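If you look up TrEMBL, you'll see A:15-525 marked as domain 'Cytochrome oxidase subunit I profile'. Sequence annotations record features per position, and here TrEMBL assigns transmembrane segment to A:21-41, A:53-75, A:96-114, A:134-153, A:221-244, A:256-274, A:289-313, A:339-358, A:378-398, A:419-439, A:459-484, A:518-539 (among others).
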Amino acid sequence: MSLNKLTTVDRRDAKLALAHIYVAFIALLLGGLAGLLQVFVRTGQFTLPAGIGYYQVLTVHGVLLGLILTTFFIFGFQIASVSRTSGTFSDLQRRLGWIGFWLMTIGTTAAAVMVLLNKATVLYTFYAPLQAHWIFYLGLTLVVVGSWVGGAGQVLRYVQWRKENKGSKEPSPLLSFMVVINNLMWLVATLGVAVSVLFQLLPWSLGLIERVDVLLSRTLFWYFGHALVYFWLLPAYMVWYVIIPKVIGGKIFSDSLARLSFILFLLFSVPVGLHHQLTEPGIDGTWKFIQVILTMAVVVPSLMTAFSMFAMFELRGRELGGKGIFGWIRKLPWNDSRFFVPFIGMLAFIPGGAGGIVNASYQMNQLVHNTIWVPGHFHLTFASAVVLTYFGAAFWLIPHLTGRKLTKSINNLANISGILWAIGMTIMSAAMHIAGLLGAPRRSDYSEYGGAQQAYDWIPYQIAQAVGGTILFIAILVIMYVVVKLIWFAPKGEEEFPVGDVHESSGPTPPLLENFKLWLVILVALILFAYTVPLIDIISNAPPGVKGYKLW
Amino acid sequence: MHIHKYEKYFLVFGVGTLVAFLIILGIGAFHQGSHPNSGKKTLDYEKVKEIAPFDNPGVHKVEGKDWDYEVVILASAFYYNPPEIEVPLGAKVKFIATSEDVIHGFEIAGTNINMMLEPGYVSEYVAEINQAGEFLIVCNEYCGTGHTLMHSMLKVVDPNES
């Protein structure tokens, strides 16, 4: 790099990033506890105390882990990444970050209070016509608006870098580029859910309008919902593409392929939401199928990523003297938690991705739709591949930001948490997949379904889920111990923020890849293509709207 | 942009497989007619009990159609009407269902009959019943506290056995 050598995150930016990370790990602990209670209840041997409802706990689990842990950790990581690779934030950019943080935190608290008061037991997807308290919707709105404000701070820092480096032959910093892609995707996707909440659910829960168009609100939710999962995934990909090479002493396999894969994720994130609605009435089958094809396009950047990762591993393993077809594998730094824990995540992504193809496969979806196979699937993709990568990043990011060291003993504990996670999740997720194929529904309290034989056949798998879930909760406790150590107690020192260099054979990066205007135009065109006709159909054929129900 | 030779082979193979897979799905859908529920009909969910066919839920034998039976189901929190369905083995059955309140699921466990039921929309699916036995019907979309109390049973009887 010809520019000022940035190696550490500025103290003030570090404080902002850490604030986000604290909230994320509090959410992990509480959300994990909710998950533990769920698997216990589903064994049939345990009832929740003090009149707490199963679906209340399930709402807590989904909101805290799916919406709060993710958004807050992602922002903490992205703020640190932009500050590290593009440069220290300006006062304005940092202020935007803090405003965003407080909006999101206030929103989270408001929504959480409503869930705890049992005024919003609508699960984290809040499908109408189940109607939560208006403060719940307002809280989620604040989380989204806060994420826009905070995201703007990150994007502005990147824009500033581009301005300062006009005419430079060097491509923009890869990690910052990826952060900007993720923020753009988030902005475009959240527009859908924002329209639904602001114009439908919020006024409806306030009594300003009596009825809502249920199918429209679901379609707007899923316009957002699938991009949401890519919003979780892309920061994990940032770690895989940019951080891991440096951790293992290798080089980024290809700068342009990394950028291209992020652009493809951006393009195929939003115009695909109908694949969550394949068994729904009121949407034309042909348009469902078109969105299935657009969904499957994501296989391309996924394959590119898989190749880049393993190519990079092999290059490094051979550099270290690995011989033969598989000899290089032994040479990788397996005892380094910054590599090992995310690597477990990468492995989980292989069956996770394969299961995802089944889910999105039009007719095949009928076999698994809304069965517990689906949570089994996203506990591999999201709750293993993505979160293990977040943890692997936290193990160096937190000490980097707090000015401490990841010591050998903490590193070993971190590795143990990864192994526990792998064992617990293998048991739990496999049991969920099998029970799902046998027809067991997701999002369901313990039930014997009037003594039906099929329902009895599901129970052994529910017990297996409790075993796996318990091991996972122990893993969470170990991770919390590691995190607390790294925040307050680890020895003072300097922990590296690893950012990989690009391999010599990577070749120059075409400027086209950095042309955001072009990619945004293509994204909007794809969205218009995929959604215009279905939305016109849904609106023009709509039956009378539906009043709110509170059935919990 | 430089792409490694092996990566090119890998991508060509991967994308080729994907395209073949999508073609198979497409043939299944548009040539053999295997579509999930995409019911087009709408109604007023508050008057659904007065509107045919939901004024008369149950199993109905029909003549002159592509299917032998129509099974009409009205779902509400937390109940299916009818609470039990009996059809003969080998029958071709059209399931016609809707919800009179919130969103429910209609899943016959162990089969590929699986539809979302939404207030105001009619969900439809035609299936050949080619296996005898009892199949549990469950609501697979969270609908409130009594969600798992909501179930029904499909009984497929072999006329040659009784």
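The backbone N, Cα and C atoms fix where each Cβ goes, and this holds for glycine too.
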Can the transmembrane segment (A:518-539) be said to touch the transmembrane segment (A:256-274) if we require at least 3 CB pairs below 8 Å and skip pairs under 6 apart in sequence?
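Yes, these stretches are in contact.
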Hey, which of A:96-114, A:221-244, A:256-274, A:419-439 has the most Cβ-Cβ pairs under 8 Å against the transmembrane segment (A:53-75)?
A:96-114
In terms of Cβ proximity under 8 Å, which residues at least six beyond the ends of the transmembrane segment (A:378-398) contact it?
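Same-chain contacts beyond the ends: 17-18, 21, 25, 65-66, 69-70, 73, 76-77, 80, 229, 232-233, 235-236, 239-240, 243, 247, 337-342, 344-346, 348-349, 351-353, 355-356, 404, 406, 410-411, 414, 417-418, 421-422, 425, 428-429, 432, 479, 482-483, 486-487, 495-498.
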Could you give the residue numbers and ranges of same-chain residues that sit at least 6 residues beyond the transmembrane segment (A:339-358) on either side and whose C-beta is under 8 angstroms from one of its C-beta atoms?
236, 239-240, 244, 247-248, 296, 299, 302, 306, 309, 332-333, 364-365, 368, 373, 376-378, 380-381, 384-389, 391-393, 395, 414-415, 417-419, 421-422, 425, 433
Pairs of Cβ atoms less than 8 Å apart decide it: which stretch in A:21-41, A:134-153, A:256-274, A:419-439 has the most with the transmembrane segment (A:221-244)?
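Looking only at A:21-41, A:134-153, A:256-274, A:419-439, the most contacts with the transmembrane segment (A:221-244) come from A:256-274.
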